[in-house]
Amino acid sequence: MSTTVRPDEVSSILRKQLAGFESEAEVYDVGTVLQVGDGIARVYGLSKAAAGELLEFPNKVMGMALNLEEDNVGAVLFGDSTEVKEGDTVKRTGILASVPVGEAMLGRVVNPLGVPIDGKGIIDTDIRLPLERRAPGVIYRKSVHEPLQTGLKAIDSMIPIGRGQRELIIGDRQTGKTAVALDTIINQKGKGVYCIYVAIGLKGSTVAQVVNTLEKHGAMEYTTVITATASDPAPLQFIAPFAGAALGEYFRDTGRHALVVYDDLSKQAVAYRQLSLLLRRPPGREAYPGDVFFLHSRLLERAAKITDDIEVAKKMNDLPDALRPMVQGGGSLTALPVIETQAGDVSAYIPTNVISITDGQIFLESNLFNSGQRPAINVGISVSRVGGAAQIKAMKKVAGTLRLDLAQFRELEAFSKFGSDLDKTTKAQLDRGARLVEILKQGQYVPMPVERQVAIIFLGTQGLLDLVAVQHVKKFEEEFLAMLDLKHSDILKSIAETGALEADVAGRLKEAAQKFVTTFNDKVKA
């Protein structure tokens, strides 16, 4: 029996078969590793790669394209460069380097790519923001007008910081720079400020100690720690501050307040210098690349106080699509960059750069630190250029002459060493100055509420401590505040609620202080 094959049947069967066939092929833009070493890879191909784009190397090593040259791409590796070898295939990912953001990041310790390293499981968040983003333009900003209290008397009285400000903490190693930053973070408890601590090039043990301190004071509830330790590759140390800024921008653009501490930017500059030299970029002063100023300025300009107008805020330049539906006005991002100086040399390249970018600096001096003045702030060259507008009225009133009084005291102190015959006025000035220095001393991790600071500084500047012996000033301060809490809590409450020191409140405070000085001196003599 012969079967005839009809051509139309064959073609219809083939058509059906072809219609059901789906192409599984994926198209990748790939390149080849020409050379690898010191955390840098030269890749041939990838002609469509973008600057800052993530690249996928074998063995799950990620990299980022930094140098886009005529015949190759210079990429930095975020993983172990021994895992990558010559001839390996590199894939473009098509996405720019980004970091996960959101409330789920609070209380966690992560690396600069947002990968948790605290052993508390994965971070549940869908929103990712790019590491690099243009700073908000002038029309989207508002001038700094709200205070960000550090809890440190010397800073809140003479070098006030406002929300949205950039205040540099600068000093030699071991002068208490990190302690000032941590005190500020601890003092934000209950104030609705989210904190980000970025550790760059620190020892792993130091970071563990910082996390431990924050946990002990209940500060990790509203804090994220982003860390690239000294043993991490230089590219991770280079991008760590940008990851901190991206997370801070999430809170800023959703109408909340954030504080980011970069500890410290000297190490980031060193990591960037290392990458730039390995990528054969031309060196400049101190062998740093020519754009090291731009590295820090584009980072610190992202700290801002955003306008209250939501409609204007929604039109913000470079606003990522993921954030657009959540935008609220009135948020702020405050930056506290830290810079380490060598032997107090603030005129070196990186310190002068960052001083010129920021809105003021807190200068910590090793001589003051060693003489027992802690925090070791040199009031003479420390300044806050915009914080004055954010200071509460009460503090402005009581601390108005404090800086001048201290400056005069330092000058007289230097002269008094040469002569013993001092007139009455000079002696009185020296005595008061010594007491002012004493009341500005403060222990580590014991930030003080602003109303208590106002009460103590009021006593110092009004001369109410002149009858208390210098060595007893700290004890007097403790006991006086305890007495205020017990018998005159309404005075502190009034300052806290109104932010001002009314004449009647000041009168009652003065009266209470005068009575207490007599009682205290009698007790000391006894």
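Including glycine, each Cβ sits where the backbone N, Cα and C put it.
The Cβ of ARG173 (ATP binding site) lies under 8 Å from the Cβ of GLU340, each on the same chain and at least six residues away in sequence. Sequence annotations record features per position, and here Swiss-Prot assigns ATP binding site to GLY171, ASP172, ARG173, GLN174, THR175, GLY176, LYS177, THR178 based on sequence analysis.
Classification of SER382 (site 'Required for activity') by DSSP places it in coil, neither helical nor stranded. The Cβ of SER382 (site 'Required for activity') lies under 8 Å from the Cβ of MET158, ILE159, GLY360, GLN361, ILE362, PHE363, each of these being in the same chain and 6 or more residues away along the sequence. Feature annotation from Swiss-Prot assigns site 'Required for activity' to SER382.
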Fewest Cβ neighbours within 10 Å, where candidates are the binding-site residues LYS177, THR178: THR178
Secondary structure of ASP172 (ATP binding site) (DSSP, helix/strand/coil): coil
Cβ-based neighbourhood (8 Å from the centroid) of the ATP site, residues GLY171, ASP172, ARG173, GLN174, THR175, GLY176, LYS177, THR178 excluded: GLU340, LEU364, SER366, PHE369
Least surrounded among the binding-site residues, given as GLY171, GLY176, when other CB atoms within 10 Å are counted: GLY176
THR175 (ATP binding site): tally of other CB atoms within 10 A of its CB: 26
Binding-site residues: ASP172, GLN174 - member with fewest neighbouring CB atoms within 10 Å: GLN174
